[in-house]
Amino acid sequence: VVIILIKLLFSCRLTEMFLLLHFVVLIDVKDFALTEGSTITPLCQKGYFPCGNLTKCLPRAFHCDGVNDCGNGADEENCGDTSGWATIFGTIHGNAGEVEFTQECFLNQYPQGCDCKETELECVNAGLRSVPTVSSNTTLLSLKKNKIHSLPDKVFMKYTELKKMYLQHNCIRHISRKAFLGLHNLQILYLNHNCITALRPGVFKDLHQLTWLILDDNPITRISQQLFTGLNSLFFLSMVNNYLEALPKQLCAQMPQLNWIDLEGNRIKRLTNSTFLSCNALTVLFLPKNQIDFVPEKTFSSLKNLGELDLSSNMIMELPAYIFKDLNLLQKLNLSSNPLLYLHKNQFESLKQLQSLDLERIEIPNVNTRMFEPMRNLSHIYFKNFRYCSYAPHVRICMPLTDGISSFEDLLANDLLRTCVWVIASITCFGNLFVIGMRSCIKAENTTHAMSIKILCCADCLMGVYLFLVGFFDIKYRGQYQKYALLWMESLPCRLMGLLAVLSTEVSVLLLTYLTLEKFLVIVFPFSNIRPGKRQTSVILTGIWIVGFLIAVIPFWNEDYFGNFYGKNGVCFPLYDDQTEEIGSKGYSLGIFLGVNLLAFLIIVFAYVIMFCSIQKTALQSSETRNHIGREVAVANRFFFIVFSDAICWIPVFVIKILSLFRVEIPVTITSWVVIFFLPVNSALNPILYTLTTSFFKDNLKQLLHRHQRKSVFQMKKKSLSISIVWTDDSSSSLKLGVLNKITLGDSIMRPIS
Ligand SMILES: *[C@@H]1O[C@H](CO)[C@@H](O)[C@H](O)[C@H]1NC(C)=O
Ligand SMILES: *[C@@H]1O[C@H](CO)[C@@H](O)[C@H](O)[C@H]1NC(C)=O
Ligand SMILES: *[C@@H]1O[C@H](CO)[C@@H](O)[C@H](O)[C@H]1NC(C)=O
Ligand SMILES: *[C@@H]1O[C@H](CO)[C@@H](O)[C@H](O)[C@H]1NC(C)=O
Ligand SMILES: *[C@@H]1O[C@H](CO)[C@@H](O)[C@H](O)[C@H]1NC(C)=O
């Protein structure tokens, strides 16, 4: 198609060319529309998931987006991430509703301001300064929000019936070693929101029935293993937001029944391989927001029953490869917000039951499909970068859905961008087409030069085509880009578009360099005989196209090495650089933009500077100075604009690339602005700089207008003829007719001249 297009262009047959282009675009529109009936087998292809018991499959992003795409609502079911403790303990905590109280009080001793219901006593916010004396057969004692600051020896000694005790919000500072003596039946003890700094070993030693111990929001700095002596039934231990810096050598040695430990928001620095050694019953382990930087091998090896593990927001840089090896029942793992440098390729190998994996804010330089494949039951996965989602195609819900270039709904996130794409695409495309047409139809005195310019316009025109395609796909996905983002970036059209853009820029850059050097030879060495002839020029031009094509095609050659080189963002231009790119594609992109292009840019700048100096010198030598000044200014202006347009086009790209070398984070939106505004500058301005403003062209235009006036009567007849031909040829689309009409008009204006 490309070859035919080029041929048509060169033979001045714009009508046929447009028909062909139109046809190509029409074919493209049909691709990946929703394949509704095509998936008959119940097993969906990669990245697709079934609609409940229907045979229909939908891409991942159609599930849980708030729209009933399946028809039976199955795509909006099971969306919440309820794995981990929520499901494990769902049955236990499911009906924690209020117990019905009769208003009767069975207690005969309690202070004023307390509420008594049966044997339960609530003294909330009663201004108490010490533990009051109450009936000995009280079963629930709540002393929340009082001013009790210490718990002396044997203060609860006679309350052997007590099952639940609430002591939060008192600013208790001091707890005597024998404070809880005699509470043989206590099951639940709340001590959160107090001012406890230390707990003495053995303080809980009589609490054999205790299952629930809450110590949140206290400034406790250390706990010893002996502290938990006697807590043989403890099931739930929570010490959120304390100041713990270390954990006892064997945390669970005294608490064999411990199921749940929550140590969020402490200052724990290290875990050792014995910390959880005897925690065989442990089901939930929360350690987020600590300062853990090292997790040795075998730390979790005895946690055979662990269902949820949260290590998020720590300082873990490295995880041993087999750290999760024994966690066969783990359902939920949260590693987000750790400065992890690396994940081993079999890091998650044994987590067969895992349903939810959170890797937010983690770069995975060696990301690959095999890393996530063993986790067959995974239903939720959270990444830093949405491109990683393509490495976990079997996971139904993957977050995030898009990057920053494109918003949630649209490929081009911004109205300005959207408008500009079309404007710049039109200028680039039609400017270049116009020049090609003009140059094909006007006989030039220097045919080799004209050929070079025409070839340059072809390359630049491709940039316009690329921008049109960006605009086209933006419209196609308008309002629902998030659903297609990944499919789009993985798709062939996106890769081909990227190829087109790179081909265009590279050929254009190489041609500009060649044209510059040619001019340089003529001006700096006016008497030498090294001028490329027609054949040499053809060879060089062909060579440039081949080189450009090779540069653009090489990334397709090895998927493992280059990854998806073009599909890194919504506009498919391989500029955006993040640290997780495959080394191959990173190096290659650097090689293109900071190697080839920077070199070409420098050559162009230097060549023009030298040319300018040389022209000035010869002008000074000659006598007719006054005559020369005007011409010299014109030459200077032209040179300046040529270099300037190159600079606008390339300097932003160089800057981005250099910054990325220094690992500066570049906002992703910048890429789309550069790709849409700066990169096409050259392509859009080249026709003006190399043709429309040249004296050759101006002279020809004048001649043309002159002749046109004379032949206008003849012209009118020809025009009506061409319209009627088009009408009979193809009357299916009136829009097409309009386009064709204009083109044949333009065409027939040209004809008489050639
Ligand atoms: C799918 O399941 C629904 C109930 O959830 C049922 O009404 C329907 O008949 C099922 N359809 C098929 C094809 O099994
Ligand atoms: C609680 O103890 C008091 C005596 O202190 C007694 O009168 C009362 O009946 C007891 N109530 C229950 C429910 O045992
Ligand atoms: C724990 O680590 C130490 C070294 O830090 C090692 O000597 C010991 O064998 C390890 N224990 C287990 C159970 O792996
Ligand atoms: C993981 O932890 C972070 C912060 O600690 C939290 O915001 C996030 O919701 C957790 N992820 C899941 C899946 O619960
Ligand atoms: C996945 O989960 C289901 C229950 O949701 C369970 O029956 C099945 O065994 C699990 N698969 C694996 C590979 O463990």
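Each Cβ is built from the backbone N, Cα and C atoms, and glycine gets one as well.
Record source TrEMBL places CYS79 in a disulfide bond whose other cysteine, from CYS57, CYS64, is CYS64. Note on the transmembrane segment (453-475): residues 6, 9-10, 25, 410-412, 418, 421-422, 424-430, 432-433, 435-436, 439-440, 488, 493-494, 497, 500-501, 503-505, 507-508, 511-512, 515, 541, 544-545, 548, 571-572, 676, 679-680, 682-684, 686-687, 690-691 of its chain, located 6 or more positions outside it, place their CB under 8 angstroms from a CB of the stretch. Highest Cβ contact count with the transmembrane segment (635-658) among the listed stretches 421-441, 495-517, 538-557, 592-615, 670-692 falls to 592-615 (criterion: pairs under 8 Å).
Each of 421-441, 592-615, 670-692 was scored by its Cβ pairs under 8 Å to the transmembrane segment (495-517), and the highest score goes to 592-615. Beyond its flanks by at least six residues, the transmembrane segment (592-615) meets 502, 505-506, 509-510, 512-513, 516-517, 519-520, 523-524, 551, 574-575, 632, 635-636, 639, 642-643, 646-647, 650, 653-654, 657-658, 661 of its own chain at Cβ-Cβ distances under 8 Å.
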